Amino acid sequence: MLLSLVVALMLIFIVAPKRGQTNILIYILICSLIGAFSVSSVKGLGIAIKQMLEQKPVYRHPLVYILVSVLVLSVSTQINYLNKALDVFNTSLVTPIYYVCFTTTVVTCSIILFKEWSSMDLGDIIGTLSGFCTILIGIFLLHAFKNTNISWSHNEYKCSVINVTET
């Protein structure tokens with residue numbers, strides 16, 4: 001957590017003012033690193049709500065209020081830097097890169113913080129990683145061939161591929 005926070009703060013205060021307008025990864029990495037905090041705090045709040053429904057006095061613990069504060073701060077920071085990335089760079093580039101970076105940081109955070117994989121079998125871990133890689137490859141392929149128009153001729157059984165370039 002401390003490493004993610006230090007890297008995110010360095011990106012925000014040192015790197016982003018200099019290179020944020022020219023490198024798409026700067027704003028997206030800030031969103032992704034801070035996103036790990038928002039997902040973790042939501043998970044903690046979910047546990048607190050579950051305990052509250054079981055009639056446990058979780059509202060007396062300061063951790064609940066810390067989690068709410070972290071959630072509000074992290075979501076507002078994410079929205080700010082995602083909007084900056086979308087203002088500067090093309091949406092078709094920002095969306096897949098953000099999805100991949102965000103998912104990677106959240107999965108890594110979940111592995112470390114909640115130790116979710118310590119109770120999983122090797123087959124389940126391999127299956128999870130395979131699914132994750134399949135999603136990443138699928139996102140890449142969808143956006144790599146987004147501007148390709150495939151049309152089928154009714155009279156002939158040929159497939160013609162027309163590349164449409166952005167202007």
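Including glycine, each Cβ sits where the backbone N, Cα and C put it.
Taken from TrEMBL, the feature signal peptide covers 1-20. The transmembrane segment feature in TrEMBL is assigned to 27-49, 61-81, 93-114, 126-145.
Using a Cβ-Cβ cut-off under 8 Å and counting only residues 6 or more beyond its ends in the same chain, the transmembrane segment (61-81) has close neighbours at 12, 16, 27-28, 30-31, 34-35, 37-38, 41-42, 44-45, 48. Same-chain residues lying 6+ beyond the ends of the transmembrane segment (126-145) with a Cβ under 8 Å from its Cβ atoms: 92-93, 95-96, 99-100, 103, 107, 117, 120.
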